[in-house]
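Sequence annotations record features per position, and here TrEMBL assigns Na(+) binding site to Gly75, Ala77, Val78, Asn82, Ser276, Asn308, Leu373, Asp376, Ser377. Annotation source TrEMBL lists transmembrane segment at 99-124, 193-210, 222-245, 265-287, 307-327, 347-373, 402-427, 433-456, 477-499, 511-533. Annotation source TrEMBL lists disulfide bond at Cys136-Cys145.
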Amino acid sequence: MSRSKCPVGLMPSVVAPAKEPNATCPKAVELVLVKEQNGVQLTNSTLVNSPQTPVETQERETWSKKIDFLLSVIGFAVDLANVWRFPYLCYKNGGGVGFTVILISLYVGFFYNVIIAWALHYFFSSFTMELPWIHCNNTWNSPNCTDAHSGNASDALGLNDSFRTTPAAEYFERGVLHLHESHGINDLGPPRWQLTSCLVLVIVLLYFSLWKGVKTSGKVVWITATMPYMVLFALLLRGITLPGAMDGIRAYLSVDFHRLCEASVWIDAATQICFSLGVGFGVLIAFSSYNKFTNNCYRDAIITTSVNSLTSFSSGFVVFSFLGYMAQKHNVPIGDVAKDGPGLIFIIYPEALATLPLSSAWAVVFFIMLLTLGIDSAMGGMESVITGLIDEFQLLHRHRELFTLFIVLATFLLSLFCVTNGGIYVFTLLDHFAAGTSILFGVLIEAIGVAWFYGVRQFSDDIKQMTGQRPSLYWRLCWKFVSPCFLLFVVVVSIVTFRPPHYGDYVFPEWANALGWTIAASSMSMVPIYAAYKFYSLPGSLREKVAYAITPEKEHQLVDRGQVRQFTLRHWLMV
């Protein structure tokens with residue numbers, strides 16, 4: 001994309017200078033990403049005069065095509081959580097923020113890449129005439145393994161004897177994870193070379209998808225964002241033809257309105273939508289920062305949320321058609337086979353696929369879907385870390401390839417803890433603490449920062465400047481009152497009703513729970529720590545420090561003149 005060389009003026013905390021195609025010298029449109037003291041990133045556009053001395057600035061790359069951006073956002077939003085978490089939650093329940101989100105995304109990357117490595121291991125293992133999780137005659141099987149083809153069906157699921165296990169469960173826990181060689185989180189053992197090799201392939205793929213920024217990642221998502229839909233459709237066609245599928249779908253669609261009175265339902269819903277859409281992870285901000293200023297962000301938001309929600313809902317039909325089939329096959333209730341997390345996609349689903357004709361082919365197709373779902377979401381999470389830091393520290397921008405290599409290598413080294421004999425315990429701990437309460441807290445602070453300190457009216461004016469249309473009263477009321485109140489409720493309740501993590505019958509020791517809370521608190525503490533740092537580094541009296549701290553940097557000249565809109569009652573009451 002060609003750009004004229006009109007000089008662009010600089011402002012404090014300017015991240016993304018860009019010029020509209022129709023802008024003419026000596027004035028240029030300046031796109032800035034204002035980083036407020038509370039960590040919220042906002043955009044603004046101003047006309048600036050050319051400086052007396054031209055200053056060389058680094059131009060920000062943009063998406064090659066609009067569809068690259070949409071596919072990247074949708075690919076990140078539609079991830080493994082849509083397949084393994086949303087359908088189960090429906091059945092179960094009846095029906096300084098910038099640094100915080102960077103740290104959360106980094107923590108999630110430590111264990112999310114391991115899921116992709118598991119899927120890659122299963123993908124390679126599926127290229128056999130007979131899937132390795134069908135029978136109990138393998139070297140990793142224990143005497144407790146019961147083959148459903150030769151034993152009692154209910155025994156095969158471990159329902160009559162708590163020590164009975166299925167071949168699929170033993171393949172995952174003993175053949176892949178080697179969990180039987182660990183006694184707990186204090187006995188991790190060495191990394192397994194098979195999983196480490198798969199993790200290396202994942203990291204290499206991520207690096208070469210990200211090293212050149214959106215120019216490369218925007219092309220990769222053409223495959224990773226579209227492939228899952230073709231696979232889901234194929235699995236749906238196969239699933240609804242299985243015996244018992246309608247029973248599973250009826251269980252999925254059954255609604256228990258009394259469950260809406262339980263706080264856990266709302267916590268699960270809020271966490272799921274934040275985790276799935278990526279709200280609070282910084283990914284959407286990172287991707288959007290590569291758009292042109294006049295991009296229709298309202299339309300993109302509606303498209304992304306609609307596609308994500310519809311995908312989650314439709315994937316439930318795929319999942320529960322197979323669960324209904326498994327329940328009828330073993331003559332047990334749906335609740336006995338419905339699981340979330342790794343148990344669903346690495347035990348229940350492979351077991352179901354193993355009973356189908358051409359089982360190896362179906363397994364290959366299924367794990368291709370998991371790989372594509374995981375890769376584009378992992379790309380999004382890592383891109384938010386990379387973009388957030390290179391925008392904050394311009395030195396890194398000039399060495400993006402090296403910095404990207406450093407991030408992926410650091411992620412790889414820390415992910416090695418999750419591919420040890422007891423790695424599933426580390427995985428479970430990170431999954432429970434890294435992006436639970438902390439992500440809800442991050443979104444709450446973002447909502448308060450935008451709606452109250454920056455101001456709904458100012459935010460709406462910015463959107464009108466970008467799209468030409470002011471948001472309706474409905475959205476403004478949601479931003480101002482509904483979202484902050486709801487998020488505050490779920491944050492408080494999630495802390496009050498906290499339940500320690502567990503994996504099967506294994507209960508984590510107290511020190512592990514303390515470590516988990518330390519991980520959660522480390523990301524949440526970025527808000528007060530950075531706020532305190534900025535507050536004490538600001539000049540002036542106490543009143544002036546407060547004024548500067550709660551005012552966007554582009555309005556600091558108004559603070560110098562004593563015009564602080566945040567000190568007026570009108571600012572706080574305006575919607």
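Cβ coordinates are placed from backbone N, Cα and C, and glycine is handled just like the others.
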Contact between the transmembrane segment (402-427) and the transmembrane segment (193-210) (at least 3 Cβ pairs under 8 Å, separation 6+): yes
Chain residues in Cβ proximity to the transmembrane segment (477-499) (below 8 Å; excluding those fewer than six residues from its ends, i.e. six or more beyond): 263-264, 266-267, 270-271, 436-437, 440-441, 443-444, 447-448, 450-452, 456, 459, 575
C-alpha spacing of Leu373 (Na(+) binding site) relative to Cys136 (disulfide bond), in angstrom: 31
Sparsest-packed among the binding-site residues, when each Cβ's other Cβ atoms within 10 Å are tallied, from Ser276, Ser377: Ser276
Per Cβ pairs under 8 Å, the stretch of 99-124, 222-245, 307-327, 433-456, 511-533 packing most closely against the transmembrane segment (347-373): 222-245
CB within-chain contacts under 8 A for Cys145 (disulfide bond), separation at least 6: Cys136, Thr165, Thr166, Pro167, Glu170
Least surrounded among the recorded positions, given as Cys136, Leu373, when other CB atoms within 10 Å are counted: Cys136
Positions on the same chain near the transmembrane segment (99-124), where near means CB under 8 A and six or more residues out: 39, 80, 176, 194-195, 198-199, 201-203, 206, 280-283, 342, 345-346, 350, 363-364, 367-368, 370-371, 374-375, 377-378, 381-382, 384-385, 388-389, 411-412, 414-415, 417-419, 423, 426-427, 430-431, 434-435, 438-439, 441-442, 445, 519, 522-524, 526-527, 530
